[in-house]
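Heads up: the structure comes next, in structure tokens.
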Amino acid sequence: MDSFSSSSGSPPNTEALMDQIKAQLAQAYAQEFLETVGNKCFAKCVTKPGSSLSGSESSCISRCVDRYIEATGIVSRALFSSTR
């Protein structure tokens, strides 16, 4: 039985199904975002990988991630405000 089937055989609750899909999409988006940001910031900030990050590498990664999060927020707000 898949996660969209109900045990009683009746059709699934549409609202509950939509909530489940939204939650799965949000989780997938967050995972993809973190992977992308992590890879880009690591590539930008860590020029000589070693056994640990230097202070400047750690600061660079932190600033880079903060900028990505801020930029994503700006773009999201712009998209949502233009659709209204």
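Quick reminder: no glycine exception, Cβ is built from N, Cα and C everywhere.
Since this is a predicted model, take the numbers as computed values, not measurements.
Reduced to three states, the DSSP call for CYS64 (disulfide bond) is helix. Annotation comment: Swiss-Prot describes CYS41-CYS64 (among others) as disulfide bond.
Packing around CYS60 (disulfide bond) is summarised by its Cβ count: 18 other Cβ atoms lie within 10 angstroms of its Cβ, all protein chains included. Under the heading disulfide bond, Swiss-Prot lists CYS45-CYS60 (among others), citing similarity to another entry as support.
Looking at the motif 'Twin CX3C motif' (41-64) alone, the prediction's average pLDDT is 94. Sequence annotations record features per position, and here Swiss-Prot assigns motif 'Twin CX3C motif' to 41-64.
According to DSSP, CYS41 (disulfide bond) sits within a helical segment.
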